[in-house]
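Taking it in order: structure first as structure tokens, then the write-up.
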Amino acid sequence: MAEATTQVLIFTYGTLKQGHGNHHLIQDLILQQDAISLGFHVTHQPHPLVIGLHGIPYLINLLGHGHQVKGELYSVSTRGLVRLDELEGISIGHYERLPIELYEEGKEGVLVAAEAYFAHRSFGERLWERKGKVGLTEFGEEEGKGYVRIEDRPHGCDIFHDITSFLSNNSEEL
């Protein structure tokens, strides 16, 4: 870890996981000594995990709904956290970083307090409802194939406009 930095535990459940579209950022943080992998973890309580527009996975802050979600835990420096927050659109209200309780996969007795990126409260619950209140236990290889990286999305794509349109539209597609 980089010297004189605070460590934050970050639970990744989507595109930041190994083998997915944004894991390159985690790899870079590890190379820069701004992150350390702490292995596979599972949410202590069920949370909704859905896939939205462009194959973007969203954990939704509705404790007790959905399923226990599998992911990876990283210890991240404050410098690394700035980069993750930027990717996740914290400053523009795409995601918000909130507390979550986890346990290491296979070790249910020991809880770990961490943070995760949740769909912003302005649309998260409505997205869960719009997706039929059906969620995933894991963003896996098949789900990852549907993810469209930012640079590969249509020019001028506005994720908030697209989310708002989907939430107000009766169409089944997302």
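Glycine too: its Cβ is placed from the backbone N, Cα and C atoms.
What TrEMBL says about a protein is an automatic prediction, not a curated fact.
Copied over from TrEMBL, here are the features:
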type     : residues : note
ACT_SITE : Glu88    : active site, proton acceptor
DOMAIN   : 10-121   : domain 'Gamma-glutamylcyclotransferase AIG2-like'
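For the domain 'Gamma-glutamylcyclotransferase AIG2-like' (10-121), the mean pLDDT of the prediction comes to 96. Residue counts of the domain 'Gamma-glutamylcyclotransferase AIG2-like' (10-121) by helix, strand and coil are 26 helix, 47 strand, 39 coil (DSSP-based). All protein chains included, Glu88 (active site, proton acceptor) registers 21 other Cβ atoms within 10 Å of its own Cβ.
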